[in-house]
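Below: one structure, written as structure tokens.
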Amino acid sequence: MDYFPIFCQLQHKACLLVGGGEIAERKARLLLDAGALVTVNACEFTPQFHHWADQGQLSLISGEFVPELLADKWLVIAATDQLSVNALVYQSANQQRIFCNVVDDPKRTSFIMPSIIDRSPIMIAVSSGGKAPVLARLLREKLEALLPQHLGQLAQLAGNLRQRVKQHFAAMTERRRFWEKLLTHDRLAQSLANNDHVQADQHVEQLFSAPLTDRGEVVLVGAGPGDAGLLTLKGLQQIQQADVVVYDRLVSDEVMNLVRRDAERIFVGKQSGHHCVPQEQINQILLQQAQSGKRVVRLKGGDPFIFGRGGEELEELAGYGIPFSVVPGITAASGCSAYSGIPLTHRDHAQSVRLVTGHAKKEGQLDWANLAAEKQTLVFYMGLSQAGEIQQQLIQHGMPATTQVALVENGTSRHQRVVSGELSQLALLSQQVSSPSLIIVGSVVSLREKLNWFSSRHHDDQPKVTECVAHVG
């Protein structure tokens, strides 16, 4: 972060603008809009400056800049076309510890003025830190088109209601739900857009009189395989509205960083072979949180209905009449294979794909003869500890020992590792990776040499992506 983003309260504060041309005019408008007491210093001024001065909106000081003009000033802007003058303004301001902006000169600037989207009291600032001002302008234009003009009226209404809401609703959860209803109320927004404040007030009163349900709910959300960019839009909306987020080990830190900041977070991580929190206890946590009236998100890696025990958790909630819904996620098989350049199906290689759990606790549960059939791709979840058994059973039931395999560790993340080889090497390969890892078996693995797009990109933000290939000696 090259610049610390901050909004300054400049009402009735003395500011100095050095320069009297058209560029200085634009800066003066911003300072006047902010309520600053503006003094402008220049040898010549545009007619607009004289008009402002005649109206008593600012003061003009004609002549060369001298450091004494900085006395009692909160900040200064240099907007002349003379480099020596701008440099003197900056040096003088810096010596007196006054923030100074020199237009189009990042090296002589202690604060920058971003592109602004003004929906007062909502203010949005966009800055590239002086690196790409045109890009900042384009972003501002996109945001201008997205944000309705009545947004400021809605914010002003919310500000006027804050004390009343605080008195009306004792619990913080109730207040937040009221605000969410008010700020997403379509008819209220339309009334404000039409400047129909009578109708808007009626909608507000209806919201105050309507009972806020204290019945909680649970939303089962798939977080995807790791890359936060693979989280669905609906999943993002849910984690940003949650009162409580119950999450496990497979949810990446990048996804957790998107959770609403004041939401309670409950970690129930579990690993193959042992559970940090027993499944029965997880069920009880979800039940108790929902029964207390909270909006609960059960956040699971990948897709919650594919080896995620999501169905078991919802069965428990259904038995108690707790409302629930499901937001599917990109499952690990899809994400890891795509980021490894391995298509799960291909006309020349596989006409079907099977998703298989690799840590079934009872022998004989898997139909190894069918799994060893040709023209299909196998994806084993949680299979590292059983890699030797998988290798032995597939070869024993007729799958060629030379069948291609790949193990994907931390798939789709910047720490992704892919180890590949032949089925006869699977047990050995499994010792080179750690959990979470996915095992892909099938001739489609051979395509990764052509389609391996992710690790072949040498981005600075992906330094950990590595590839390993084992060869039969």
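Using the three backbone atoms N, Cα and C, a Cβ is placed for every residue, glycine included.
Binding of S-adenosyl-L-methionine is attributed by Swiss-Prot to PRO225, GLY301, GLY302, ASP303, ILE306, THR331, ALA332, MET382, and within the candidate set GLY319, GLY321, GLY398, GLY411 the record adds GLY411 to that site.
In sequence order, GLY224, LEU250, PHE307, GLY308, GLY329, ILE330, ALA333, GLY335, CYS336, TYR381, LEU438 are the residues of the same chain, not among PRO225, GLY301, GLY302, ASP303, ILE306, THR331, ALA332, MET382, GLY411, whose CB sits within 8 A of the CB centroid for the S-adenosyl-L-methionine site. Residues GLY19, GLY20, GLY21, ALA24, ALA42, PHE45, THR46, ALA79, THR80, ASP81 surround the recorded NAD(+) site, their Cβ atoms falling within 8 Å of the Cβ centroid of GLU22, ILE23, CYS43, GLU44, which are themselves excluded.
Around PRO225 (S-adenosyl-L-methionine binding site), taking its Cβ as the centre, 30 other Cβ atoms fall within 10 Å, counting all chains. Cβ packing within 10 Å was compared across the binding-site residues ILE23, ALA332, and the lowest neighbour count falls to ILE23. Counting only the Cα atoms, the space from GLU44 (NAD(+) binding site) to ASP248 (active site, proton acceptor) is about 66 angstrom.
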